[in-house]
Amino acid sequence: MESMDKGTDSYGVTTGFGATSHRRTKQGGALHKELIRFLNAGIFGTNGESGHTLAPSATRAAMLVRINTLLQGYSGIRFEILEAITSLLNHSITPCLPLRGTITASGDLVPLSYIAGMLTGRPNSKGDWPDGKEIDAGEAFRLAGIPSGFFELQPKEGLALVNGTAVGSGLASMVLFEANVLSVLSEVISAIFCEVMQGKPEFTDHLTHKLKHHPGQIEAAAIMEHILDGSSYMKVAKKLHELDPLQKPKQDPYAALRTSPQWLGPQIEVIRNATLSIEREINSVNDNPLIDVSRNKALHGRNFQGTPIGVSMDNTRLAIAAIGKLMFAQFSELVNDFYNNGLPSNLSGGRNPSLDYGFKGAEIAMAAYCSELQFLANPVTNHVQSAEQHNQDVNSLGLISSRKTAEAVEILKLMSSTFLVGLCQAIDLRHLEENLKSTVKNTVSQVAKRVLTIGVNGELHPSRFCEKDLIKVVDGEHLFAYIDDPCSCTYPLMQKLRQVLVEHALINGEKEKDSSTSIFQKIGAFEEELKTHLPKEVESARIELERGNSAIPNRIKECRSYPLYKFVREELKTSLLTGEKVRSPGEEFDKVFSAICQGKVIDPLLECLREWNGAPIPIC
């Protein structure tokens with residue numbers, strides 16, 4: 001004000017704006033009133049239909065960030081105005097801001113002008129009240145208890161309110177919080193994926209990743225290594241890998257599991273770097289001109305350029321798309337019985353696979369999510385248009401990029417929800433597999449003892465030596481390849497059990513000529529006895545499992561990943577999906593999605609890592 005009285009010429013105080021800054025006026029208050037009026041150029045559309053209003057949470061973040069900037073004292077604005085914005089926040093009154101219409105170059109001019117519009121009592125100003133009611137500026141001030149009434153803006157105060165990056169950076173900060181959570185979640189569920197796929201934990205070995213040097217990769221591997229260390233699933237998997245090792249691949253499949261630390265590592269680094277950049281931005285002074293009181297000087301610069309936002313958000317979106325791509329690859333292997341090490345096709349949990357297609361619809365949905373996510377990975381910042389009479393010829397598009405990244409985060413939440421339910425389904429199927437396989441082994445063993453041990457005259461029969469090899473067949477055969485009809489001669493179990501008896505009969509030599517010592521003669525009796533007892537025993541074991549009376553407890557309880565499983569199953573009340581139940585997969589996905597959106601997944605996620613000290617397991 002003193003500078004104006006002395007005749008000092010200052011941008012936005014005595015001049016017009018942007019390309020019309022050659023105009024001059026001494027009516028500073030009227031100038032800023034006009035600034036707010038012409039910047040109110042956004043479109044909201046019809047209530048509830050077109051969705052052109054910025055989310056209230058993003059608006060509130062913008063208000064908070066703008067207060068933080070203005071409090072630093074370089075913007076030329078009264079403290080009372082900041083107190084008024086604070087009162088609106090504290091009373092949960094949120095001005096309505098247009099979703100679109102800013103290029104985040106001379107700041108987020110258009111959306112921020114609607115906050116200024118409420119402070120100055122513009123008749124078109126609207127706000128949201130917590131009960132959903134839309135209120136005008138007068139009602140907002142009354143409910144917020146702001147006694148001073150609407151503000152008559154003094155010179156520079158209009159610019160101080162609108163000429164900043166708060167909307168883009170506020171939304172970016174919210175997006176990055178969720179992106180960081182989802183990146184950690186992707187690391188943990190990659191480890192769970194290894195558990196249910198009976199993978200080899202060697203891919204997390206510290207030395208492998210130390211030799212690559214990249215910190216994100218080292219962290220991802222260390223988290224997975226921590227989750228898998230001591231895992232009950234890994235102990236079982238080790239025994240399985242030791243069976244006929246020369247008949248199996250030496251290493252796990254290339255991408256979805258074995259390369260997950262190398263894939264996730266760079267994405268983690270990108271998200272961390274973006275977080276640091278946005279942290280700097282929300283704590284910066286980002287308007288123009290800046291008032292240096294100590295030197296009694298107005299500094300004309302361009303801190304309102306939101307390039308850190310646009311670039312950080314573009315990079316984050318690319319990282320999110322990469323995480324989603326890995327998640328889709330893992331999910332595709334999980335539901336495919338050619339790759340999932342014995343789990344049923346589509347993770348079908350019912351008795352009849354012809355009437356249970358499990359997660360087939362979910363895989364189609366995941367493909368759609370992933371495709372949209374890959375499209376969103378395209379950059380925004382290379383679509384700059386020269387604006388405002390070519391005055392803003394390069395601009396950041398920060399809020400646009402933030403909005404698109406928010407969309408990408410939502411899609412990754414959809415994918416994470418679907419995958420998490422799929423992993424819990426796989427965990428329960430492994431539990432079912434272990435219990436039913438134990439039942440099959442016991443039944444085969446008992447039938448072998450009854451039928452193969454004793455001959456017709458009570459003597460020991462040569463077929464008694466078959467039992468051990470029969471049990472080996474059960475151990476080596478994937479349960480879900482036959483369990484819907486365990487005694488079917490078209491399924492591998494009965495075929496291979498018969499093959500064992502035939503091979504022993506061939507070894508039996510001359511004894512096969514005597515019916516009392518012939519193993520061939522025992523095959524029919526063995527199969528008939530098995531057909532009499534095995535289906536009943538399997539069904540009985542399944543019923544007991546469904547009642548919660550499993551003979552073998554669920555291994556997940558002995559794993560560090562258990563808190564996440566427990567959260568999905570117990571707190572969110574989801575359960576094994578089958579074609580025999582009315583409940584659809586989407587109903588379960590919705591529960592998990594809502595929990596992720598509400599931040600409820602954070603505590604169980606951190607509980608999985610509670611014992612982790614932030615470092616890889618030492619090399620011994």
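In case you wondered, yes, glycine gets a Cβ from its N, Cα and C as well.
What you see is a predicted model, and the numbers here were worked out from it, not measured in a lab.
Listed features, source Swiss-Prot:
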| type | residues | note |
| --- | --- | --- |
| ACT_SITE | Tyr11 | active site, proton donor/acceptor |
| MOD_RES | Ser106 | 2,3-didehydroalanine (Ser) |
| BINDING | Asn163, Gln251, Arg258, Asn288, Lys360, Glu388, Asn391 | (E)-cinnamate binding site |
Which of the listed recorded positions (Ser106, Asn163, Asn288) has the least company, meaning the fewest other Cβ atoms within 10 Å of its Cβ? Asn288
Identify which of the binding-site residues Arg258, Lys360 has its Cβ surrounded by the largest number of other Cβ atoms within 10 Å, counting every protein chain shown. Arg258
Rounded inter-Cα distance in Å - Asn163 ((E)-cinnamate binding site), Ser106 (2,3-didehydroalanine (Ser)): 6
Where Lys360 ((E)-cinnamate binding site) falls in three-state DSSP terms: helix
Indicate whether Arg258 ((E)-cinnamate binding site) is helix, strand or coil by DSSP. helix
Lys360 ((E)-cinnamate binding site) to Ser106 (2,3-didehydroalanine (Ser)) - Cα separation in whole Å: 49
Quick check for the class: what is the C-alpha distance, in angstrom and rounded, between Asn288 ((E)-cinnamate binding site) and the residue listed as '2,3-didehydroalanine (Ser)'? 8
